[in-house]
Amino acid sequence: MDASNGPDIIEEVNLDDENDIVIIPSEECEVMEITDTEDNDLDNADDIVEITPSSEELAEDKKDEGNKYYKQKDYRRALGCYAKAIELYPCAAYYGNRAACYIMLGMYSQALQDARESVKCEPSFAKGHLRMGKCFLAMGDVAAAKSAFDKTKELEPTNTTIDAELRTIDTLNKIDTDLNRAVEVQDYRKALYCSERALDIAVFCRRYKVKKAESLTHLGRYQEAEEIVNDILRSDSTDVDSLLIRGMCLYYQDNIDLAFSHFQQVLRLAPDYAKARETYRKAKQLKTKKEEGNVAFKQGKLQEALAIYTETLAIDPVNKLTNSKVYYNRALVNSKLGNHSQTVDDCSAALKLNDGYIKALLLRAKSYGNLEKHEECVRDYEACMKLEKNANRETRRLLKEAKIALKRSKRKDYYKILGVDKNANDDEIKKAYRKRALVHHPDRHSSATEEERKEHEKNFKDLGEAYTVLSDPKKKARYDRGQDLDDEGHAEFDPQMFNAFFGSGPSPFGGFHFGGGGGFHQSGFNFQF
């Protein structure tokens, strides 16, 4: 049998049929001659003397019945038969057969108990020692397994299966070494791999199950970890390792109060459990520090809150969910302080730890908008829409506004060109145009380099376009809504506009004037808009 494959696909354990009991009449039995006397009334020949089968015979019948069920893989019914056989006549073979049945059902504790009884009945019973070794190996007790296999080898030197079992022990020892090293360096992916390989061999080993659950916990796979330890706790509700891991799962899922009750229960059962004390200490410190930051934030002590949240993040980097909330809280502080780049960084850190954190997405989107990173802003609002099962009206509104801002960002910012606020009135717009148009008028830069003249010409044209749109209420309204203006040709600059401000007389810069041809001319220089 290869115990490494687990109880469901385990190789069938051979039964012990060699101890069948056969009842043979004794040769010394005296033959009685029947005589025809008055004391022997032949008329009563119908009277039959019933012979009751012995306990040994009944036990053998039950054993045979159990073997039949065993071969049919009906192990539960086979167990009942072997139990009856043992009750009638306890012996090594019957205990051994029931141990084999328990092994096939993966019930190694019961199998070990029967295997021990079998060798107690008959110390030289090799199969009993072999089954003890298999049970010890399945339970992860390597030293006891090797001792049992060595004893089997001593009793049956020609048994070739023992060498394979001993090689399996060597394999398990190597896996165990690799597992301990991985845990020591906190390589939990490697630790998970090693614990799973170990459980392929030591299928009933509580220690390897705990190691696997612990690795899963550190990898954030809390549900799988809880399933393992809950199974252990159903058998032993005081298993401190399993209680600690379940508490850690609750702690890492930000269920702090319930986690505390688990840590406290562990420490009541095992006051000197160092790992439990350290985990409980970190959990309490993390909760306390986070609450201090929240108090400072609510009191408006933003710089103090910023410092406290930063300290909080250093307490337990493994607690991803709680730390994601702390990052978000620090992002809120940075947002209120106007530190938009730091707000984006903190929100990104929160989302790295919890990619479904909608609050962090919304705040980052807002900060991207403040930084005029409109494509990133739209992307985050769209991600929020996907995460929210029923996207609320506010998120839809913010997304719409972000898309308009993105559209605006891809065309000229007329407000920026004129240097006015978006709420500027008509007089402010006119004043801004008058001032800047004089600065960039081409005649003013006739002696500049070719490159400089082209730059001023471009700026002068942009100023005209900006004023054309923003001085017209309808065009301005369309522009503010993010609608295209090119459809109606509204953004074209009219050169006569300059004359409207400065008159059609002599140029303020000497010799320059606008004509009716849609351009401006000076000494043969012709610039077309």
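Including glycine, each Cβ sits where the backbone N, Cα and C put it.
Pulled from TrEMBL, these are the features on record:
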type	residues	note
COMPBIAS	440-458	compositional bias 'Basic and acidic residues'
DOMAIN	413-483	domain 'J'
REGION	438-458	region 'Disordered'
REPEAT	59-92	repeat 'TPR'
REPEAT	126-159	repeat 'TPR'
REPEAT	240-273	repeat 'TPR'
REPEAT	286-319	repeat 'TPR'
Contacting positions for the repeat 'TPR' (240-273) when only residues 6+ beyond its ends and CB under 8 Å are counted:
210, 213-214, 217, 220, 222, 225-226, 229-230, 232-233, 279-280, 283-284, 287, 318-322, 325
How many helix, strand and coil residues does the repeat 'TPR' (126-159) contain under DSSP?
27 helix, 0 strand, 7 coil
Looking only at the repeat 'TPR' (240-273), report the model's average pLDDT.
96
